[in-house]
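The annotation domain 'RING-type' is assigned in TrEMBL to 10-50. TrEMBL lists 160-209, 221-263 with the feature domain 'B box-type'. Per TrEMBL, the feature domain 'COS' maps to 371-429. Per TrEMBL, domain 'Fibronectin type-III' is recorded for 437-532. According to TrEMBL, the domain 'B30.2/SPRY' annotation covers 514-699.
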Amino acid sequence: MEEMEEELKCPVCGSFYREPIILPCSHNLCQACARNILVQTPESESPQSRRASGSAVSDYDYLDLDKMSLYSEADSGYGSYGGFASAPTTPCQKSPNGVRVFPPAAPPPPAALAPPPPRNACLTCPQCHRSLVLDERGLRGFPRNRLLEGVIDRYQQGRAAALRCQLCEKAPKEAAVMCEQCDVFYCDPCRLRCHPPRGPLAKHRLVPPAQGRVSRRLSPRKISTCTDHELENHSMYCVQCKSPVCYQCLEEGKHSSHEVKALGAMWKLHKSQLSQALNGLSDRAKEAKEFLVQLRNMVQQIQENSVEFEACLVAQCDALIDALNRRKAQLLSRVNKEHEHKLKVVRDQISHCTVKLRQTTGLMEYCLEVIKENDPSGFLQISDALIRRVHLTEDQWGKGTLTPRMTTDFDLNLDNAPLLQSIHQLDFVQMKVSSPVPAPPILQLEECCTHNNSATLSWKQPPLSTVQVEGYILELDDGNGGQFREVYVGKETMCTVDGLHFNSTYSARVKAFNKTGVSPYSKTLVLQTSEVAWFSFDPASAHADIIFSNDNLTVTCNSYDDRVVLGKTGFSKGLHYWELSIDRYDNHPDPAFGVARIDVLKDAMLGKDDKAWAMYVDNNRSWFMHNNSHTNRTEGGITKGATVGVLLDLTRRTLTFSINEDQQGPVAFENLEGLFFPAVSLNRNVQVTLHTGLPVPEFYTSRSAMP
């Protein structure tokens, strides 16, 4: 249970979460800590431009933050308890984990009113550093993580920890009373300041903390309410937004057109998924424990082999008497260095594996406690993030982490055959001599290039370098000036990286490594991907009934049923436009055009499942379809020789269609996010040809230019 404690502590204050809220990035923060790290963006910068630029809050000048009022009674969470908060007037400080926080200020008199919420307030998640812009609701727009509160409550009861005040700004003091009506623990100073015995608060019942803990535990669990409609309880689950919603959200809110499912059914499904993921992680943890035992046994074996080898070496050197004495000391020194090197490598691996196992065990225990909770909406708010973390942790154990980095054997063999006059040349025959660190590789600019959204890089070692190289590490940034990440590790000196963003500038660098260490980086190379996409249809992922011709640019089908074919290139960023010309159109079929996920159904019309967004059209009219939902019937169809255009704008997250260069209907789909592949479904009565690398049509550019 001790490993799980890291999951229960706030990354800002380092204490157990108090009134935790769930951020859109799935991380948690104490409500008070979230208020303390709020900042304001400049008035001239809109939230939309801030999201588009991806700038972090850390890029903003913190020197002006002292002048800002960042508190409101609505956001404080303590308005119903009679507490008050005011804006800090002292300079911000930096906590040990690097998050800037404001020291608490003296509360205003009870008659004073809290200032309104700041305009353009935002905060940066201290764990993933994602910048989050608040709307007019402020922190009330983030849901309360009552499930996490329940886990912390049980954990503290199991440890018999002293109850702490929930309103202390810094180190919480031990609670003196608990108000049954407010459901808050107070120390004496906070009770006098925030819960005076007068007015309506005089009728509240204050009990000792231990009694309050029991009554809180026995009281019914509070039902989570909708953040958009505070008086409504969660009753359904939005599949597209992956969040619980109330019935008002379905009738009049942003979820009215989304697919929803029963809250209880999704709760059970996600619990089952998390349990299955935990089974795999549990196996990895078991293997890690066995691996740690193996590493500890290696330490003992290295010690024993070292002693045995030293004894053998001493016996051989003593046989050569005085002539070998000086050489004996040198050889022993080299053996000891090898001994220490092996021990250091194994102990470092033990330390690294122990830390990772503790983190894994903590995550497992936390997930098991989460599964015990009976709050479906609270569980579903964090289940996706936990499932991803469990899979990610399991993958981390599988990347060669359970392989020893050092052998227990000493590959040393003393040759005592030479004559006495050769004693001064005596040496180990097979001794492993550490080679120097490799020199920085040289990027071969004439062989480095980009094609579409792929980049090919080539490098070599300096011509005069004789140092042995075991492999290379190639790193690329994110195409937006962000941090470098490893994209290739191996012995080859050429690598092609696919799946990059179009119209983006990437920086690349490479370094070499051997058993001694890692070389410095090469010079950084800047690469520019294509502005527009050139691609063809993909035979590998298409249905078997699809017939390809014209270098995979023309497709038809040998079946009367609809079959799906995808493009070779996927898009996750930018503005992309392509066209499909109708080469043959017999008997008025309904071909469909649009985009899809890689795992879309291949034996049904495009748009029948939730993995495709499409427009299907006959000779008179068209419809939009996603997840078998037909919308926006529009007059105007296709014939032989017609051209269908597909415009995917992932900056605005929209999909628009055109027929013969005229927009067909309104914007077909919005809020698109993720990786999308061009897609078509057709039968044997239709043949189409793909045209790519096209500029954006006039109807879209003129609409974008409108105020």
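Heads up, the Cβ atoms here are built off N, Cα and C, so glycines get one too.
Owing to the predicted nature of the structure, the values given are computational and were not obtained by experimental measurement.
Here the domain 'Fibronectin type-III' (437-532) has, by DSSP, the following mix of helix, strand and coil residues: 3 helix, 42 strand, 51 coil. The DSSP breakdown of the domain 'B box-type' (160-209), given as helix, strand and coil counts, is 13 helix, 10 strand, 27 coil.
Residue counts for the domain 'B box-type' (221-263) under DSSP (helix as H, G, I; strand as E, B; rest coil) come to 7 helix, 11 strand, 25 coil.
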